[in-house]
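Q: One structure coming up, written as structure tokens, with questions to follow.
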């Protein structure tokens with residue numbers, strides 16, 4: 001069913017021609033490598049070369065009894081092709097693989113074509129991505145004008161025609177699924193064209209410096225506003241008479257803002273001292289930074305628990321020395337977690353590298369050997385808190401919006417106040433930290449900027465929110481948190 005193949009070789013260009021019958025009973029398997037090019041692959045053959053799996057369904061859907069399959073392996077560095085304008089990602093081994101079946105374009109395959117690009121274990125933070133060359137992007141590439149197609153390759157009898165590849169275009173991942181692995185990455189695509197594997201670096205040196213400058217400036221400003229917020233909460237708690245629930249809320253806010261203050265301070269110390277400290281000092285600094293982060297997460301969770309008691313339970317809740325017990329949890333639980341992590345030696349120097357292993361930043365943090373500690377205590381812990389707090393956020397927002405439609409508040413409706421309550425609670429419940437889960441992959445740079453700016457300025461947002469909502473007014477509006485709490489208590493009492 002498979003007739004003998006022909007191979008063609010030029011500098012930077014290697015091709016394989018196969019004539020495949022429409023009645024083929026098994027998938028077509030081809031191996032390729034940057035040096036040897038494409039070749040036939042037996043079903044029992046094993047090796048570290050790249051592999052191409054062409055499903056037999058491709059050939060059965062064709063009208064002709066036999067079809068020509070052309071597989072091309074190109075070295076884009078030698079040919080000066082497939083260079084996207086302002087491209088930051090690196091092409092694996094400078095290798096692009098082109099596949100055509102017959103003379104027509106094939107797309108929308110139910111059984112995708114699979115290409116396995118072999119590689120060593122990638123540097124930490126580098127993201128592989130399966131892409132194809134999309135001529136419709138229209139980005140002109142640099143280099144000599146070399147075209148691949150009938151009559152475009154220098155005429156030789158040993159080199160058959162290969163697919164057309166224009167100079168205009170750019171890389172796209174539409175229709176391709178990436179399955180990364182330690183020794184290779186599998187690309188499953190629903191069409192045939194020119195494919196490669198892009199290696200997206202975690203950060204560039206200039207980006208890392210810019211992020212550090214933004215974070216340092218933002219943390220300094222946030223620390224100042226954290227002090228203002230704490231002073232403001234203490235002032236109105238002592239100056240004005242509030243019911244016990246509001247006083248507890250203010251105490252919670254003071255502790256949350258205090259944890260943010262210590263987290264910003266720890267980050268400034270970390271970024272200023274890391275790389276120039278003794279290893280033992282670096283371990284202490286890494287543990288301190290981790291402790292402050294966990295305190296911030298824990299107080300965020302306690303804010304959500306307090307809102308749950310206020311808006312779901314509403315009545316019948318009294319805990320002796322409630323705020324003191326919350327402080328024991330908020331400041332004490334992270335001590336236990338950091339203590340266990342410190343005993344197993346989780347803290348030390350952590351470096352951020354580019355694809356060529358160039359170190360662009362040093363931090364005292366959880367070492368790469370103990371990344372499981374990071375995934376459990378930071379990602380997992382915050383993930384659970386985020387899910388719980390977002391459920392509480394939905395309940396509070398729904399109740400706040402429903403109050404705007406009741407007859408009791410029709411006379412002084414202020415939608416902007418409700419929006420401000422929602423935005424403040426969104427920030428108070430730590431939702432901005434969830435952006436960290438979006439800082440992976442090719443869209444990581446804009447997400448990193450957004451994550452850095454929003455979280456470094458979180459103290460400012462909370463300060464503005466507290467001033468607007470908690471400072472006593474001559475007439476309490478329906479959007480204020482205290483009004484919503486009191487209304488909920490009154491409604492629940494009347495129902496009981």
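Cβ atoms here come from the backbone N, Cα and C positions, even for glycine.
Predicted, not measured: the structure shown is a model, and the values here were computed from it.
Heads up, here are the entries from TrEMBL:
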type	residues	note
DOMAIN	30-205	domain 'GAIN-B'
DOMAIN	215-470	domain 'G-protein coupled receptors family 2 profile 2'
TRANSMEM	210-236	transmembrane segment
TRANSMEM	248-268	transmembrane segment
TRANSMEM	288-311	transmembrane segment
TRANSMEM	323-344	transmembrane segment
TRANSMEM	375-397	transmembrane segment
TRANSMEM	418-442	transmembrane segment
TRANSMEM	448-471	transmembrane segment
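Describe each of these features in terms of where it is and what it packs against.
A: Long-range Cβ contacts of the transmembrane segment (248-268) within its own chain (Cβ-Cβ under 8 Å, at least 6 residues beyond either end) map to 215-216, 219-220, 222-223, 226-227, 229-230, 233-234, 236-237, 242, 285, 288-289, 291-293, 295-296, 298-300, 302-303, 306, 322-323, 326-327, 330-331, 428, 456, 458-459, 462-463, 466, 470, 481.
Only residues 6 or more beyond the boundaries of the transmembrane segment (288-311), in the same chain, are considered here, and those with a CB under 8 A from a CB of the stretch are 245, 248-249, 252-253, 255-256, 259-260, 262-263, 265-267, 269-270, 317, 326, 329-331, 333-335, 337-338, 341, 347, 364-366, 377-378, 381-382, 385, 388-389, 392, 395-396, 399, 425, 428-430, 433, 484-485, 488.
A Cβ distance under 8 Å defines the sequence-distant neighbours of the transmembrane segment (375-397), meaning residues of its chain 6+ beyond its ends; these are 290, 293-294, 297, 300-301, 303-304, 307-308, 311-312, 337, 341, 421-422, 425-426, 429-431, 433-434, 436-437, 484.
Within its own chain, the transmembrane segment (448-471) is flanked in space by residues 203, 207, 211, 214-215, 217-219, 221-223, 225-226, 228-229, 232-233, 236, 246, 250, 253, 256-257, 260-261, 264, 420-421, 423-424, 427-428, 432-433, 435-436, 438-439, 479-482, which lie at least six positions past its ends and keep a Cβ under 8 Å from the stretch.
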